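Trainee: This is the structure, below, for whatever I ask next.
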Amino acid sequence: MATNENLPPNVIRQLAKELKNLDESPPEGIKVIVNDDDFTTIFADIEGPAGTPYENGVFRMKLLLSRYFPQSPPKGFFLTKIFHPNIATSGEICVNTLKKDWNPSLGLRHVLLVVRCLLIEPFPESALNEQAGKLLLENYEEYARHARLYTGIHALKPKNKTKSGTISESTTALNVDQSNIAVSKNTPLGPAALATSTANKALGTNLQDQNAAPSDPALGASAVPKKDGLHAVKVPVEKKKIDARKKSLKRL
């Protein structure tokens, strides 16, 4: 298995710098998988560009660097099956940047961007997949149908991009709290809870009525009726009725 020992120290330093930059500031739609122990094999996940038959798919590829890199270009392969004129059924990638147009000053970022651009603009004239190249030239709709079919079956699904760390945790906690509030508002109360709630409401209303009873200084304390006062008024009335009945009986 190839390791960093196969590369000159200056190349290792340059690759380490490039890979760190790609990891911290990845190109749009491209995620590089870094292996610090082996820079000779570089993996990357490429998102299918919007508006192409490869949309909503993620395709894994690899670049193989020989001991003569960067004097000789890396070799590119798709590990995910894809229907594309410039990608062979074996996964080999055919693009001029990795062949006759190679320049040692070109970096890994440029190579990966060129590969992703192939998914936007294929070159059927230099096809490795003859069926795909022929369909692209003669019947684009049929070519796109095949490419979408391969994408749906073989490509990985893109992951949703979410924020991490404290912000994400705070948002989750906030969502949970809001969910609990919504449930408490929409969930019907059981009989016991309903009775308690009704009693509390009634008690609260009575207390409010008592506290809000008007007091007129001109009328004094008698303006506010009290339960004890009403009971004291009723007793003399009942006594008068009993005395009247006794007088009637004496007359008989």
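The backbone N, Cα and C atoms fix where each Cβ goes, glycine too.
Bear in mind that TrEMBL entries carry predicted annotations, made automatically and left uncurated.
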Trainee: Which range is it, out of 25-50, 51-76, 207-232, that shows up in TrEMBL as region 'Disordered'?
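Mentor: Spelled out, TrEMBL records region 'Disordered' over residues 207-232, not the other listed ranges.
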Trainee: When you measure from the Cβ of CYS94 (active site, glycyl thioester intermediate), which residues in the chain that are at least 6 apart have a Cβ under 8 Å away?
Mentor: ASN86, ILE87, ALA88, SER126, ALA127, LEU128
